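Annotation source TrEMBL lists transmembrane segment at C:6-33, C:54-77, C:97-121, C:166-194, C:215-235, C:241-260, C:272-292, C:304-326, C:333-351, C:357-384, C:396-420. As annotated by TrEMBL, domain 'TRAP C4-dicarboxylate transport system permease DctM subunit' applies to C:6-416.
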Amino acid sequence: QESHTFRLANVLSSTDVTAAGVEKFAELVNEKSDGRITIEVFHGGQLGSGVETFEAVKNGNLDFAADSFANLASITPAFEVFHFPFLFESRAQLLNAMGSEKVQERVNGELEPVNLKWFSTFEIGGPREVGTSTKKIETAEDLAGMKFRASRSPLEIGSHEAWGAAGVTVDWPQTPESVRLGMVDGLTVPYASFYSAKFHEGGLIKYMLDLNFQNYASVLVVNAEKYAALPEDVTSVLEEAAQEAHEWHVDYVADYVTRNVAEMKEAGVEVYSLPPEEYEKVKEMTIDKVWGEFVGQPGMEQDKIDLIQSEAGEIGDGGWGYSIE
Amino acid sequence: MTRDRIHARLLRIEHSLYVTVRAICIALLGLIVIAISAAIFARFIIFTPLNFADPLSKYLMQWIAFLGVGLAMRRGEHVLVSALSDRLSLRIRRGLALAILLAVAGLFTVILVYGWQYAMSGLTSSDPFVFGVPMVIPYLSVPVGALYAVVQALLTAGITLTGPRDEDPLPHAATQGI
Amino acid sequence: MLAIYLIAFLVLITLSVPIAFSLGLATVTVFWLDGQPLSLFAQRLWTGLDKFTLVALPLFILAGELMGGSGILSRLLDFSRLLVGRIKGGLLHINVLVSIFFGGINGSAIADTSAVGSMLIKATEKEYGEPDLAAAVTAVSSVIGPIVPPSLPMLIYAFAAGNVSIAALFLAGVVPGILLGITLLVATALIVSGKDYPRDTTRYGLRDIFRISRRFLVAAVLPVIMVAGVVGGFATPTEAGCLAIVYALFAGFFITRELSWAQVFAAMERTVLVTAVVMIIIAFGNVSTWWLTIEGVPRAVSDYVQGVTASPVMFIAIMLVVYLVVGMFIEQAAAMVMLVPIFAPLAQSYGIDPVQFGLFTCMTLALGLVTPPVGLCLFVAAGIGGISVGRVMRAAVPYLVAMFMTVLLIGFVPQIYLWLPRWFGY
Ligand code: NA
Ligand code: NA
């Protein structure tokens, strides 16, 4: 049996919560194949940005690439749909939908023209919350006129605009500085990202509104053609390892975010929720505007959304899987 | 055609190419200034971010950069170390210059071929922030810039071969850079 | 394979192949030998420039070029003459002082050498009869330009390192830039003390002082726009560059009225050329870095260095030698693009402040601009003075010694300048 070495480019930094899952995957592959299969991991964009590494996989120049799909809109709209505001209202729904075979089949069908296969998913540390530096958002109206840092996802900017705020695209590494300098009034990322980029230090972000309005994740992709040509014993090891690493990561993330939130509160950050009627108002205006604008666009067809919603199932009582108390 | 006439014609071609590409690059540079100024204006005066300005000006800069390689070649502006070649005789310097030009033409031929392939891979993707421009347009800067670089290298080689034999083709020291 | 890469690169450079193309040829060779996909080569070229922060580079260059073309320099010159013109060897002191002021407008040492040189080298020769000293002062003092903000090398550093804010680097450059200026002024005073130079005896009345200072202020606004924009946070570096261009156009057409459309065109052409020269180095550097990463070179280098020493001070000492040697042969932008991705993370693992390491890198590599065999500023100054590079070099030796001592101070006593970025909260 011949040995295989695969290169995996992970765009997010080695200290990010997704990196732990990627490392676990590499470790399990090695273990399960008795060292015959090696995954060489390059964290922190060493081999390039998300678009760049996904293109490299697509062109067959790299084996695996992982990045948040918030940055991939220009490569493929296939993942954008998961980013619809208030599409999921609990972690159970998110995990059910992203783990559903039917959903994966649908997305992989859309990835076919770009020769990519969706291989695995690593949560990024919760849904997007609203962090602000000086102004506490207490009503839906408070959001109007604010400037938020936005990723390269049209759906995130769309949500900001739905609130009457502006989404200013700033690359992630430049974001702390743009907050410090007041170029933006805040940002909308998961707790784990606030934490890993140290927004809680020095009062950079003082308020975190637990809005849970949008989900995104880090997706791991592989070149579809090259993958299909691999011998079965290799693919089975890879798939088993990916599944186990994913399950391990689900538990890991929950503890991780709970600890993050506690530590940020310790540092003086106020983590709070909106009164129910204000929450409903924000939810309604976001869905009205963003769904109205994007449903029906490529990769975001109504039947795909229907499929995702039916696979997502009930909200359940597990919330977002971590505690902010 | 006589050697002199070929020489004169090559020089004319080289000049008109240079003038054309220069005009394009200067226009692109002007566009960058306009785009960023508009973004500043929009942000401070009408409080609306123009999210297309940043990526657009980046694409324009990439075009300037790759097209500019040939321009700078024509002007002998690429930084080099002339410590050794300064000590060589004119005859050897001419040979060396031709060899360098051919190597550079070869390098950019590779970039032209694979850059074209790469650009075509951009047919299926687009940038939703810059008016949905297909990525093939920014990607084309690589093969198009490489094409001009190849042509310029070959033109310089032809001009050196057909020109006066006592003309020194190698710069003694480039003085461009930052 | 790494040996092939390094040897190919060095041989090509020695054979006078431009540095950018040497890097490209060496990389394409190992790609081919190694069976790496060449389509990736093209992709990495493009993505190497796929960073918005790089757009600041052409804008800073253009702002500096436009300012240079709008008669600003003569105002800086008058003001410097007012301050130090009556000292012995005044023209040499003026040369240094102008470079400090011009450094606040221009981020490039080469632009400084050619602008200041063409105004002062011939004039100084006429007055003192020593063209080599005039050219040497011009070249060495131009290094102040990119240390005082704004700075093109700092932009490239921040881009290549990715772990440091450009505003913090700019702030960090203020004290070392002035310190370097003072060093060169003192060195000049020592050099001219034994010489018999004629003195300038112009007397300035209050009205002259007022007029010259007012004219100076038109130029002094520009660095305030550029630096305050970035540091104060109302503009990204790119936007600050753009504002500076708008101001330079306004000043050139309406205040100094010395700017013409032909000059604007020439400035834009210059900007296109410099941009292309620098950008193609960055692009090839991006491909080469990819290959080195795949080969595990950065990891191997950092393991090796960490095996040699655990002390941050020793690490800085090692880097000092590396930078001085590399800087002698390889142009600054190329050196940064090749070395910074490897050494900036390493410096961080030694617990060295990213701002400190960035400033140290920019400053030490800048010495390469005035040391042979690739001392670009020496070449430019020698060209303007119409003398051989060797003569300029010899005249520059005392200055180089002085500058080296300043670099040692900056390298090992970062407290003397880090307080400024700290004070602004970085
Ligand atoms: Na400067
Ligand atoms: Na000077």
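In case you wondered, yes, glycine gets a Cβ from its N, Cα and C as well.
Since the structure is predicted, the reported quantities are computational estimates derived from the model, not experimental observations.
Counting Cβ pairs closer than 8 Å and at least 6 residues apart in sequence, the transmembrane segment (C:304-326) and the transmembrane segment (C:97-121) reach fewer than three and form no contact. Of the Cβ pairs linking the transmembrane segment (C:54-77) with the transmembrane segment (C:396-420) and spaced 6 or more residues apart, fewer than 3 are under 8 Å, so the two regions do not touch. Highest Cβ pair count under 8 Å relative to the transmembrane segment (C:357-384), across stretches C:97-121, C:241-260, C:333-351: C:97-121. Long-range Cβ contacts of the transmembrane segment (C:241-260) within its own chain (Cβ-Cβ under 8 Å, at least 6 residues beyond either end) map to 56, 59-60, 62-63, 66-67, 69-72, 75, 150, 218-219, 221-222, 225-226, 229, 235. Sequence-remote contacts of a segment are chain residues at least 6 beyond its ends whose Cβ falls under 8 Å from one of its Cβ atoms, and for the transmembrane segment (C:396-420) they are 136-137, 139-140, 143, 171-176, 179-180, 183-184, 186-187, 190-191, 313, 316, 320, 353, 355-356, 359-360, 363-364, 367, 370-371, 378. Stretch with the largest number of CB pairs closer than 8 A to the transmembrane segment (C:6-33), among C:97-121, C:166-194, C:333-351: C:333-351. Using a Cβ-Cβ cut-off under 8 Å and counting only residues 6 or more beyond its ends in the same chain, the transmembrane segment (C:333-351) has close neighbours at 19-20, 23, 153, 156-157, 160-164, 278, 281-282, 285-286, 288-289, 292, 297-298, 301-302, 305-306, 312, 315, 319, 322-323, 326-327, 357-358, 361, 365, 368. Listed by sequence, the residues of this chain that lie at least six past the ends of the transmembrane segment (C:272-292) yet keep a Cβ under 8 A from its Cβ atoms are 5, 19-21, 23-24, 26-27, 30-31, 34, 36, 40-41, 44-49, 54, 57-58, 61, 108, 152, 156, 159, 298, 331, 333-334, 337-338, 341-342.
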